[in-house]
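One structure below.
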Amino acid sequence: MGSATDTTGTSSSSTTIVSPSILKKIILSYTYVAIWIFLSFTVIVYNKFILDKKLYNWPYPISLTLTHMGFCSSVAFLLVRVLHVVDLPSSMTPRLYLSSVVPIGALYSLSLWLSNSAYIYLSVSFIQMLKALMPVAVYSIGVLFRKDAFKSSTMINMLAISFGVAIAAYGEAKFDTWGVLLQLGAVAFEATRLVLIQILLTSKGINLNPLTSLYYVAPCCFVFLLLPWISVELPLLKENSTFHFDYFVFGTNSSCAFALNLAVFLLVGKTSALTMNVAGVVKDWLLIAFSWSVIKDTVTVVNLFGYGLAFLGVAYYNHLKLKALGEKEAAERKDEEGEDEEGGGLLDQKERDETTRKNESEG
């Protein structure tokens, strides 16, 4: 009796012990998530501070985004071409750059431009609620480009998320139609960019690390932003005689944007896009709480109820993706084990045949 109890206790305790390698992976994953949430939180609040007319009062979203991309391009060029921190992929040709990277850069510039513009008209909390539509946009565009298969159950889930966001918008105290259209446009462009990354880059076997991604994409974004900046905001900046470039404010802001870009690629590369989606939900709740308690944005009960519905829809969507990913990995492991068993069977048969021939020759 006693020995049986001891054995059971020993086996149960051994199963609860996590190996150092797994523990290290868990700690690193949470560290990547925490870094991304902190930097994303910082950039969003910092951009809101600069663009809001009631705060820093510098309502030039194209100029701000152009500054970010110019800074990112310069630092990426220095690290890649001068210091040779990383090597560039040999598979990236000029033709591939024009056909793959340029469209992605154009969409990224539009997404950043519109999302930064929305901070002039909308509160931080309401913008985060509208961003809950991202899975809806990614899935819809994925189906349109035949990257994802249409499923009625998934579409019902997408409609539920949209319904929750619609309720949150209905309860918004400072609703601005133009601001909402800007943010919805940013979501659409960003979703298209994510789908194109899968189609244009992943399908062609091009793996970009955080630095090489910025090295290729940031200059492209800078060029696309330069055209509207010259025609729209440059004349306004010339008329603004009181403007002076604050190197500390824009330098630190651009540094945060550069670090965030690296953190995005690092998080996805070291964990997965699904992990980033789940972390994004946590970040959104933190931003809503921060904007309500610190910035003093008005958050209504209807706001929270609507976003709560959207949040449940997004959580369920992430759960389904995680389940599908687990089933896929299990199927791959099963196939690998089957191949190993088949290979072992062939070896056993070969050994038996050799033994038979040896016995016959001896006989």
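Positions of Cβ are set from backbone N, Cα and C atoms, glycine also.
What TrEMBL lists as compositional bias 'Basic and acidic residues' is 348-363.
The domain 'Sugar phosphate transporter' annotation in TrEMBL covers 31-318.
Feature annotation from TrEMBL assigns region 'Disordered' to 329-363.
Annotation source TrEMBL lists transmembrane segment at 27-46 (among others).
TrEMBL lists 58-84 (among others) with the feature transmembrane segment. Cβ atoms under 8 Å from those of the transmembrane segment (58-84) belong to residues 47, 50-52, 109, 112-113, 116-117, 119-120, 211-212, 214-215, 218-219, 221-222, 225-226, 228-229, 232-233, 236-237, 243, 250, 253-255, 257-258, 261 of the same chain, restricted to positions at least 6 beyond its ends.
The transmembrane segment annotation in TrEMBL covers 96-114 (among others). The list of residues near the transmembrane segment (96-114) in space but at least 6 beyond its ends in sequence, with Cβ under 8 angstroms from a Cβ of it, reads 61-62, 65, 68-69, 182-183, 185-186, 189-190, 192-193, 196-197, 200-201, 204, 206, 216-225, 228.
Counting only same-chain residues 6+ beyond the ends of the transmembrane segment (120-142), those with a CB under 8 A from a CB of the stretch are 44-45, 48, 51-53, 59, 61, 148, 154-155, 158, 161-162, 164-165, 168-169, 172, 174-176, 178-180, 182-184, 187-188, 190-192, 194-195, 277, 280, 284, 287-288, 290-292, 295, 297-299, 303, 306-307, 310-311, 313-314, 317. Among the features that TrEMBL reports, transmembrane segment is placed at 120-142 (among others).
The annotation transmembrane segment is assigned in TrEMBL to 154-171 (among others). Through the fold, the transmembrane segment (154-171) approaches residues 126, 129-130, 132-133, 135-136, 139-140, 180, 300-314, 316-317, 320 of its own chain, all at least 6 residues removed from its boundaries and within a Cβ separation under 8 Å.
According to TrEMBL, the transmembrane segment annotation covers 177-201 (among others).
What TrEMBL lists as transmembrane segment is 213-232 (among others).
If you look up TrEMBL, you'll see 247-267 (among others) marked as transmembrane segment. Only residues 6 or more beyond the boundaries of the transmembrane segment (247-267), in the same chain, are considered here, and those with a CB under 8 A from a CB of the stretch are 32-33, 35-36, 39-40, 42-43, 46-47, 50, 56, 64, 67-68, 70-72, 75, 208-211, 213-214, 218, 275-276, 279.
Annotation comment: TrEMBL describes 274-295 (among others) as transmembrane segment.
Within the same chain, residues 125-126, 129, 132-133, 135, 154, 157-158, 160-173, 274, 277-278, 281, 285, 288 sit at least 6 positions outside the transmembrane segment (301-318) and bring their C-beta atoms closer than 8 Å to a C-beta of that stretch. The transmembrane segment feature in TrEMBL is assigned to 301-318 (among others).
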